[in-house]
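Copied over from TrEMBL, here are the features:
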| type | residues | note |
| --- | --- | --- |
| DOMAIN | 39-310 | domain 'G-protein coupled receptors family 1 profile' |
| TRANSMEM | 23-46 | transmembrane segment |
| TRANSMEM | 58-76 | transmembrane segment |
| TRANSMEM | 96-118 | transmembrane segment |
| TRANSMEM | 139-160 | transmembrane segment |
| TRANSMEM | 190-215 | transmembrane segment |
| TRANSMEM | 236-253 | transmembrane segment |
| TRANSMEM | 265-282 | transmembrane segment |
| TRANSMEM | 289-309 | transmembrane segment |
Amino acid sequence: MDQELNFTYVTLDWYVDINKYRYVFFFIMFALYSLIICTNSTIMYIICIHKNLHEPMYIFIAALLLNSVLYSTTIYPKLLIDVLSDKQVTTYSACLFQFFMFYTLGGSEFFLLAAMAYDRYVAICKPLQYHIIMRKTTVSISLIIAWLVPACHIAVQAIGSANIKLCDFNIKGIFCNNAVYTLLCERSRLITIFGVVALLDLAVLPMLFIVFTYTKIFIVSYQRCKEIQKKAAETCLPHLLVLISACLFFSGVDKSIPEASFPGSSLVFALVAPAILANLVFHFKTKPLLTNTLVFIFYFMLWLLSLVVT
């Protein structure tokens, strides 16, 4: 155990030799990170400045994009530093913080998708009551729950792991996910119980709610006119695509993959991680957001052109 100033250090085992291609990896990950930050921030800015987009659906989209930015910032900066370092090392406290942020934002994503599903359910199945049910108070409470509940669940596990004796100081992975449990000499019953509770509350129950809600939406829309069916398809299918991509990613980073037979798999998952929200591009099928985005791009290009000319 390496200790300096009461800090406990752990090593990240990347499974793959990056010395030959460290600058290639750095460029790819930096480009991905920059793209995610720029595109998500642009869409959030457009939603903020246009009052006609201050509706529950767009607010939830903005919240989901913000969640993606925070998630990317949790993973990528440390990853970029590690790529250029000869030895991938972090403190145990920093590792636990990354663990906390990773699963908190992951749980928040499922909660936000559940809130979006409920919003679409009310809009399609109860259109006359939409403005009564989906008030600003309802949206605000939904956002608070989406970020607060996962944080409380994961905080118990992170704090509970902080004071347990470590028997290993080598993490099999490129960032700190649930692999931190392999460092512990003995996992307490509290952590095990809260792990199961967190899985049920943050992933299983929201997913069941989403599936039930969209099933209800498709049943109701099928019984109505084609215009309602088209509206349901345009607004619900993108949400389902985001949900599927999120499930695939989180199941991928948590399952045990034989690295000997699939070297660098963790690196592959890390590269595609924030892309789980890239599917939000499907939301551009909503005309107001698409129109305002195109207008923003047009004026931005004119501004760049004026700088070049002058």
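Using the three backbone atoms N, Cα and C, a Cβ is placed for every residue, glycine included.
TrEMBL entries are annotated by machine, without manual review.
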If contact means at least 3 Cβ pairs within less than 8 Å, sequence distance 6 or more, would you call the transmembrane segment (58-76) and the transmembrane segment (190-215) in contact? no
Beyond the flanks of the transmembrane segment (139-160) by 6 or more, those residues with Cβ under 8 Å of it: 56, 59-60, 63, 96-97, 99-100, 103-108, 111-112, 115, 118, 188, 190-191, 194-195, 197-198, 201-202
